[in-house]
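Reading through the structure tokens given below for one structure.
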Protein chains: 4
Amino acid sequence: MPLTTNPFEDDKFHEECGVIGIWNHQDAAALTALGLHALQHRGQEASGIVSLSAGASFHIHRGLGLVGDIFGDAKVMAGLPGRAAVGHNRYATTGETALRNVQPLYADFEFGGFAVGHNGNLTNAMMLRRALVKRGCLFQSSTDSEVFIHLIAISLYANVQDRLIDALKQVEGAYSVVALHNGALMGARDPLGVRPLVLGKLENAAGGDGWILASETCALDIVGAEFVRDIEPGELVVINDDGVTSVRPFERQRERFCIFEYIYFARPDSIMEGIGVYETRKRIGAELARESNVDADVVVPVPDSGVPAAMGYAAEAKIPFELGIIRNHYVGRTFIEPTDQIRHLGVKLKHSANRAMIEGKRVILVDDSIVRGTTSKKIVEMVRQAGAAEVHMRISSPPTTHSCFYGIDTPSRRQLLAAQHDVQEMAKLIGVDSLAFISLDGLYRALGHARRDNANPQFCDACFTGDYSIPLTDWPQEQAALAAEMAVGK
Amino acid sequence: MPLTTNPFEDDKFHEECGVIGIWNHQDAAALTALGLHALQHRGQEASGIVSLSAGASFHIHRGLGLVGDIFGDAKVMAGLPGRAAVGHNRYATTGETALRNVQPLYADFEFGGFAVGHNGNLTNAMMLRRALVKRGCLFQSSTDSEVFIHLIAISLYANVQDRLIDALKQVEGAYSVVALHNGALMGARDPLGVRPLVLGKLENAAGGDGWILASETCALDIVGAEFVRDIEPGELVVINDDGVTSVRPFERQRERFCIFEYIYFARPDSIMEGIGVYETRKRIGAELARESNVDADVVVPVPDSGVPAAMGYAAEAKIPFELGIIRNHYVGRTFIEPTDQIRHLGVKLKHSANRAMIEGKRVILVDDSIVRGTTSKKIVEMVRQAGAAEVHMRISSPPTTHSCFYGIDTPSRRQLLAAQHDVQEMAKLIGVDSLAFISLDGLYRALGHARRDNANPQFCDACFTGDYSIPLTDWPQEQAALAAEMAVGK
Amino acid sequence: MPLTTNPFEDDKFHEECGVIGIWNHQDAAALTALGLHALQHRGQEASGIVSLSAGASFHIHRGLGLVGDIFGDAKVMAGLPGRAAVGHNRYATTGETALRNVQPLYADFEFGGFAVGHNGNLTNAMMLRRALVKRGCLFQSSTDSEVFIHLIAISLYANVQDRLIDALKQVEGAYSVVALHNGALMGARDPLGVRPLVLGKLENAAGGDGWILASETCALDIVGAEFVRDIEPGELVVINDDGVTSVRPFERQRERFCIFEYIYFARPDSIMEGIGVYETRKRIGAELARESNVDADVVVPVPDSGVPAAMGYAAEAKIPFELGIIRNHYVGRTFIEPTDQIRHLGVKLKHSANRAMIEGKRVILVDDSIVRGTTSKKIVEMVRQAGAAEVHMRISSPPTTHSCFYGIDTPSRRQLLAAQHDVQEMAKLIGVDSLAFISLDGLYRALGHARRDNANPQFCDACFTGDYSIPLTDWPQEQAALAAEMAVGK
Amino acid sequence: MPLTTNPFEDDKFHEECGVIGIWNHQDAAALTALGLHALQHRGQEASGIVSLSAGASFHIHRGLGLVGDIFGDAKVMAGLPGRAAVGHNRYATTGETALRNVQPLYADFEFGGFAVGHNGNLTNAMMLRRALVKRGCLFQSSTDSEVFIHLIAISLYANVQDRLIDALKQVEGAYSVVALHNGALMGARDPLGVRPLVLGKLENAAGGDGWILASETCALDIVGAEFVRDIEPGELVVINDDGVTSVRPFERQRERFCIFEYIYFARPDSIMEGIGVYETRKRIGAELARESNVDADVVVPVPDSGVPAAMGYAAEAKIPFELGIIRNHYVGRTFIEPTDQIRHLGVKLKHSANRAMIEGKRVILVDDSIVRGTTSKKIVEMVRQAGAAEVHMRISSPPTTHSCFYGIDTPSRRQLLAAQHDVQEMAKLIGVDSLAFISLDGLYRALGHARRDNANPQFCDACFTGDYSIPLTDWPQEQAALAAEMAVGK
């Protein structure tokens with residue numbers, strides 16, 4: 001497996017979505033836009049808002065690009081009146097299909113308008129879709145969310161809440177959903193609580209409580225909302241002018257929140273399931289230093305995501321922390337097309353070495369993960385060109401050996417470096433003097449557990465373990481292969 | 001003076017330009033584009049490249065926007081052939097005029113094509129312009145650089161180098177210039193060396209030395225060039241296929257390099273006049289801690305520019321350094337228009353408090369400068385809302401009491417908070433428990449001097465002292481007012 | 001009813017759509033684009049093409065604007081491979097909804113992909129839609145065509161042709177439909193044949209017959225196809241590699257082709273139901289002269305649509321035909337916004353008087369219709385300002401007293417001048433010395449009939465008579481009002 | 001010389017510019033925009049307006065595209081305040097250079113702002129330019145107009161009017177100029193009056209006379225101005241609040257107005273030098289019929305420019321006039337890229353045959369000119385494919401054997417069909433049964449002269465005769481070749 005040196009690739013897992021909902025606020029759409037801005041890291045390709053104004057009128061604006069570009073125009077915002085709204089950020093997809101897939105999806109039902117946005121992935125969406133098409137349902141998009149909508153449309157229950165529950169009971173997967181109809185804002189998390197969703201309270205000029213649902217607490221902070229609580233796994237909350245009602249369509253199960261949210265996805269200032277992301281990352285760095293420190297002159301984070309772990313590492317290892325790599329903030333989506341001549345210069349458009357902090361030094365690079373290894377290889381080359389005496393890499397996650405089917409954009413296992421090579425081979429391919437990953441138990445310790453409870457794991461960590469807590473119904477081959485692998489593993 | 005809370009303002013001085021020139025490289029325009037990308041922090045509004053191909057043909061492409069957007073298209077780059085090029089990044093200006101003002105400027109002279117880009121400001125440009133217009137010269141732009149071009153056009157000297165010298169001798173100001181004609185790439189710095197310009201050497205597939213001139217060393221790094229030396233104050237370098245020739249049109253004077261480049265403008269990985277920017281900022285932070293530390297729980301930088309000073313401060317003060325403020329990387333030029341309703345929420349689109357690091361703590365905020373004070377006030381409010389027990393602000397520059405006339409975009413003195421208020425008043429207006437700036441001598445110490453040599457200051461520090469080393473010919477009123485002020489001061 | 005003088009309004013009925021389908025040609029999408037270009041007069045707001053390539057892959061490109069703008073890019077055309085395609089031009093609609101409504105609509109059915117475009121209007125679409133929504137069908141657009149698609153999707157018949165027939169039998173209205181699935185290109189006209197659809201044969205480089213369906217013969221001409229025949233009222237043609245099969249889902253009825261196609265909608269070089277449009281318009285002009293000539297110096301057409309009728313009129317009346325009004329060809333969709341100051345100048349952006357042909361003359365203006373009367377009033381003013389001694393207006397259609405519900409964009413009856421005023425009042429409002437319309441029987445004579453057969457009218461002429469041949473199921477109030485009016489009329 | 005069949009080429013000479021100026025009207029810029037719209041046929045690539053408001057402030061807006069697109073935005077118009085303005089339409093040029101070349105040009109002089117637009121061509125512009133560059137003048141555009149501006153800038157006369165005269169005396173060529181400075185609107189025509197310029201009077205809400213200068217009377221009509229007179233050859237008019245003053249910098253010469261304006265360039269509703277364009281074209285058609293009629297069934301104009309001549313021809317020849325070719329109005333600048341497959345279909349995107357008028361008939365096609373012959377060939381093919389029994393072509397101008405150097409975009413002589421072939425060969429190449437051009441004397445007769453006065457020709461007809469009335473100073477080779485040819489000719 002050759003490591004390419006395309007200087008533009010961002011070798012990371014990508015969160016696929018962020019969601020938000022507002023109930024009872026005079027600036028519902030504006031707050032939704034602000035919240036989407038705060039959740040921009042969860043999806044940078046497209047955003048949408050559906051607002052609900054008096055007389056059960058729904059208003060939609062969706063577009064491709066960043067939140068600020070799509071909703072930065074006063075005329076656009078004026079077209080989204082009302083006291084309730086739902087919004088959605090999306091990662092990925094191109095072409096004509098793209099705009100059809102931008103959420104929130106909206107449909108006219110018998111009982112009125114209905115808008116829904118979701119973060120995550122339904123693992124039986126394709127199976128359900130085939131059945132729905134057979135029944136005569138027409139699909140306009142390729143999103144999982146449309147399955148929800150059709151399930152609600154054909155449900156025989158009389159009211160929208162019962163129909164939503166009917167739909168939730170038929171889908172499998174990892175998801176957080178926000179939905180809006182004339183009577184209520186609703187939010188739900190999957191039974192295992194893999195994807196996040198939080199509830200906050202808004203002050204409201206007009207009196208009465210305003211409410212907010214969002215993927216992360218940072219969206220509450222930007223609009224000045226007070227954090228109330230995480231939505232619980234398998235919980236459906238129904239928010240209307242009588243307040244917040246909790247409905248539990250599912251039996252309680254042990255939660256398995258996505259552990260990668262702490263490592264990379266979530267914004268450092270968010271609090272997830274009661275645990276601060278920034279401090280967690282520092283603790284992971286400290287654990288990493290305890291497990292696998294090496295004698296060196298300087299600890300350098302790979303910016304920006306590696307910074308807190310590097311700080312924790314440096315403090316624990318008592319090695320100076322220095323910003324030995326500078327990130328160029330002006331790298332946008334469009335960029336200088338890499339010609340062959342330029343590519344061979346090994347040019348770094350996103351990062352540059354701070355030579356004065358590197359030259360002649362033994363450097364420990366701290367990063368959060370290695371996916372394909374392509375970016376890591378380039379950064380190591382750059383650090384060596386800047387004169388590093390030694391380059392050691394420390395990773396604040398265990399090796400990512402498995403793909404995610406629960407709402408994260410990941411390459412296939414063939415492309416995952418850690419699925420194809422052991423750590424020693426990886427070190428050689430990346431070109432470092434040493435390479436170490438935090439252990440699985442080390443990661444759990446940083447999250448406040450003595451160790452991973454292998455019988456009942458506290459988190460979803462399938463990308464490190466292959467331990468998929470939700471059936472991969474739509475991927476029978478992968479499911480079979482994993483079962484075989486697990487059998488061997490045991 | 002009311003402090004407004006417009007959440008979008010960036011309360012900083014702004015560098016007005018970056019320049020680059022390439023001689024003898026098969027990818028001259030591509031390297032120029034990459035260098036402009038590395039210099040993007042010196043000007044984000046517009047960029048241009050003029051390349052020179054065989055047969056003395058010049059090719060121009062200029063546009064408004066970021067380097068990546070303007071030069072990211074292979075077709076655009078294909079339209080810029082040749083082995084030599086000059087490029088320019090520009091801050092500011094809008095409308096039809098805007099494109100006319102984008103540099104490099106190009107003109108057809110009697111002796112052939114000529115392109116010039118400059119960083120800085122001519123302090124007698126208006127006076128010269130009036131004289132040139134009277135003589136029948138037609139100005140197409142409002143840039144200082146056009147004065148250069150006309151002076152060269154009407155010069156009676158026979159060759160272009162002598163004409164350029166003729167022009168340089170007539171202008172006053174702070175500038176670094178790169179110019180390209182069929183026979184040579186030229187670069188010059190003003191006699192005091194206020195603005196930076198460095199020389200580097202490029203490897204060249206075709207053999208023979210390639211050369212690069214650029215505002216900062218970070219542009220050399222991105223193209224893999226070897227740093228040769230700073231162009232000296234008052235030096236003109238002429239680069240052709242015989243190598244680099246140094247010409248000295250001016251008598252030697254004591255250099256007065258812009259001290260603010262170290263504090264804020266330059267990229268942290270650049271080396272200026274032999275001094276690394278990143279370490280300097282850390283040393284300034286350490287000096288600041290020695291001069292004015294206060295008992296506290298945490299040192300928090302105002303990102304991104306305050307980070308190195310805060311690291312230096314924290315290390316010296318032995319107070320934990322924490323990323324207590326998170327910067328949103330997705331803030332672009334266009335953004336959600338601030339409605340009144342949203343503005344009163346005190347929304348922070350660029351920064352958010354990392355509550356877990358702030359709540360209940362005594363916080364020392366470290367920033368590099370206070371210009372109008374508007375952003376500082378908002379950040380303090382945000383930190384207080386996140387529950388800080390105390391908020392102390394430490395600034396890694398002396399109070400900015402005077403405007404810059406040497407190429408930096410600064411507000412008038414009326415808008416400079418430090419020009420209107422003493423430190424105690426400023427603390428009150430900004431809302432901090434204490435406020436301190438580094439002393440002028442402290443700043444000089446961090447730069448390796450025992451103190452400021454008031455008789456012959458080692459740097460240009462007019463923005464802190466009003467000690468303008470180059471006459472303000474075009475601003476006679478300001479010049480008179482300053483003379484009066486200085487007389488009183490003595 | 002004040003007559004406004006907005007100089008930008010185009011006071012015409014508007015055809016709402018043009019359709020085209022190609023079967024078995026190596027350049028299917030390119031021919032479709034060319035045909036859409038020839039049919040541009042039937043819809044200028046949006047166009048779309050769906051092509052079908054080997055392996056039952058469908059390819060879609062749709063956009064807002066003119067055909068040339070949407071399909072003028074080689075990359076776009078390269079994305080539409082295959083030997084079959086359907087295309088659609090559309091009039092009207094704006095905003096986010098707009099793109100969703102652009103046809104052809106496409107859906108994934110149980111049996112594979114299916115694309116459909118239609119010209120016309122279903123008069124029970126809303127009723128059907130309500131029933132379908134109740135059943136759980138989700139509508140993504142507001143077009144009638146989506147009703148077709150859902151009816152096909154939920155049909156219980158085993159094959160797509162039977163399902164299409166099932167759908168056709170449930171809808172009422174005036175329509176021509178082209179549809180494409182993996183096995184065939186299909187075309188259908190409503191039982192009364194109100195809207196046009198023709199069949200042509202294409203030469204094919206690869207051998208084998210190629211086929212084309214299109215709204216008008218001018219689309220056959222542009223691609224060099226040979227005219228075969230009109231699709232018959234109530235006929236469904238199924239075109240596959242075995243040739244063209246005719247299916248007749250409906251009992252034969254007497255045809256009632258839209259008479260307005262001859263007067264204004266169709267391109268003059270089209271042949272409809274065996275009758276050439278251009279000559280028909282000349283014959284109508286001649287009839288008009290016979291019925292209502294007046295002594296005058298010059299016959300002037302209102303360009304461009306009034307030209308053939310004016311030629312026929314002038315020849316019959318033996319009065320010179322002159323281009324006394326010049327049309328500005330550069331009037332696009334976007335134009336100089338009419339400020340109040342300019343509006344009061346009575347400025348004519350689309351037309352200008354050819355003063356030399358007008359001044360001092362008695363002028364007969366020939367136009368094809370008067371809808372609101374606004375444009376007519378302005379043109380008369382302009383002609384008077386140019387010095388006409390007398391202005392007489394002759395109209396090559398009877399007074400348009402009723403709205404069209406069969407696929408033509410018409411204002412409500414309140415806005416139809418002829419529905420609110422008698423001819424004498426109209427003459428006064430428009431400002432002419434005399435005004436005359438062709439009689440209904442005169443119009444029928446020009447079309448080759450002795451007179452209108454009131455028992456079994458040969459054409460649909462509801463806009464002149466209120467004799468609506470297809471029930472207005474979705475407009476019960478209008479239906480009732482018309483019934484009352486008819487009762488009175490008798 | 002192969003005749004290509006690119007379906008997109010427009011085989012016509014192209015007028016290169018239209019100019020307009022307004023003095024003393026509250027809507028000066030809006031009237032200018034309307035006038036430019038009426039003059040759109042004289043230049044469709046770019047337009048600009050410079051307005052002058054109180055306090056001698058000048059406002060500029062220029063853009064690429066149609067007038068309606070550039071000035072259709074109320075914000076744009078609001079940015080052009082004031083009671084005086086000049087405007088310009090331009091044909092041709094692309095790329096970055098394009099916008100620099102859009103007129104009116106504007107410059108800041110010692111005495112204030114100055115804007116100038118011109119229609120035509122200076123035949124010694126390159127010579128003057130070289131001299132000006134040598135003197136130190138910097139050129140920013142490649143337009144002739146910039147020569148004017150520099151000549152004015154360096155003139156030693158004290159006032160702007162004398163400077164303009166000084167400049168006019170140094171230039172040679174065919175031109176109409178409008179210029180605006182703080183004290184006056186000025187207009188001038190070259191000494192031979194080759195290019196047109198007319199004066200009109202505007203009513204003015206505020207009282208006092210308003211004035212308009214424009215290339216054609218159609219621009220007066222659109223704004224409701226009263227025609228006053230043509231500016232005379234060699235006349236300079238100075239319009240200020242005291243009225244219109246005529247200045248005569250040049251000795252009187254015999255006028256030689258461009259004869260092609262009557263044949264093709266001017267709008268049919270314009271009156272030029274007292275002669276109506278539309279009637280002239282009809283008279284030319286009648287002369288043509290008298291000279292070279294042939295037995296036929298139908299006279300068909302090549303739309304749109306051939307229509308009046310065809311009407312005149314048909315009336316004289318007593319053969320029916322029919323619209324046998326339909327022009328597609330939706331052909332814009334961007335269009336379906338001609339692929340090879342489509343090109344071989346001989347597709348006609350701009351024109352289509354009206355088969356019913358053509359089939360089986362002997363057709364006389366009337367067009368205004370043949371330049372390269374490419375379009376003529378295609379049209380003949382199309383008419384033959386539509387079933388014409390015979391095709392005869394009659395051209396309402398003499399053969400165009402020479403290029404224009406006086407402001408018209410023409411191909412080089414190598415590409416002029418009539419410069420390379422005699423009429424019989426041309427007929428064969430174009431594929432017609434017969435071909436005839438109007439004789440030179442026939443053309444002069446249609447313009448009211450007994451014949452061409454070869455000693456003192458009444459018009460500039462160099463494109464037909466090679467009799468260039470103004471020296472071709474910048475084209476010495478062409479001048480010499482023509483002299484040789486003329487010598488032989490005699």
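Each position is counted from 1, following the chain as shown.
Positions of Cβ are set from backbone N, Cα and C atoms, glycine also.
According to TrEMBL, the feature domain 'Glutamine amidotransferase type-2' maps to C:17-242.
Same-chain residues at least 6 positions away in sequence with a Cβ under 8 Å from that of C:CYS17 (active site, nucleophile) are, in sequence order, C:ARG42, C:GLY43, C:HIS88, C:ASN89, C:ARG90, C:TYR91, C:GLN103, C:GLY117, C:HIS118, C:ASN119, C:GLY120, C:SER215, C:GLY407. The feature active site, nucleophile is assigned by TrEMBL to C:CYS17.
According to its DSSP assignment, C:CYS404 ([4Fe-4S] cluster binding site) is coil. In sequence order, C:PHE13, C:PHE260, C:THR410, C:ALA462, C:CYS463 are the residues of the chain that are 6 or more apart from C:CYS404 ([4Fe-4S] cluster binding site) and have a CB within less than 8 Å of its CB. Marked as [4Fe-4S] cluster binding site by TrEMBL: C:CYS258, C:CYS404, C:CYS460, C:CYS463.
Shown in sequence order, C:PRO301, C:VAL302, C:SER305, C:GLY306, C:SER376, C:ILE379, C:MET393, C:ARG394, C:ILE395, C:SER396 are the residues of the chain, 6+ apart in sequence, with a C-beta less than 8 angstroms from the C-beta of C:ASP367 (Mg(2+) binding site). Here TrEMBL flags C:SER305, C:ASP367, C:ASP368 as Mg(2+) binding site.
Cα of C:CYS460 ([4Fe-4S] cluster binding site) to Cα of C:ASP368 (Mg(2+) binding site): a span of 17 Å. Straight-line distance linking the Cα atoms of C:ASP368 (Mg(2+) binding site) and C:CYS258 ([4Fe-4S] cluster binding site), rounded to a whole number, equals 15 Å. Around C:CYS460 ([4Fe-4S] cluster binding site), taking its Cβ as the centre, 26 other Cβ atoms fall within 10 Å, counting all chains. Summed and averaged per residue, pLDDT over the domain 'Glutamine amidotransferase type-2' (C:17-242) gives 90. For C:CYS258 ([4Fe-4S] cluster binding site), other Cβ atoms within 10 Å of its Cβ number 27. With all protein chains in the displayed structure included, the most crowded Cβ environment within 10 Å among the binding-site residues C:SER305, C:ASP368, C:CYS463 is that of C:CYS463. Take the mean position of the Cβ atoms of C:CYS258, C:CYS404, C:CYS460, C:CYS463, the recorded [4Fe-4S] cluster site; other residues of that chain with a Cβ within 8 Å of it are C:ALA174, C:VAL194, C:ILE259, C:PHE260, C:TYR406, C:ILE408, C:ASP461, C:ALA462. In the three-state DSSP scheme, C:CYS258 ([4Fe-4S] cluster binding site) is classed as strand. One way to see the shell of the Mg(2+) site is to take the Cβ centroid of C:SER305, C:ASP367, C:ASP368; the remaining same-chain residues with a Cβ within 8 Å of it are C:LYS12, C:ILE263, C:TYR264, C:PRO301, C:VAL302, C:GLY306, C:ALA309, C:VAL366, C:SER369, C:ILE395, C:SER396. Under the DSSP three-state reduction, C:CYS463 ([4Fe-4S] cluster binding site) is assigned to helix. In the three-state DSSP scheme, C:ASP367 (Mg(2+) binding site) falls into the strand class.
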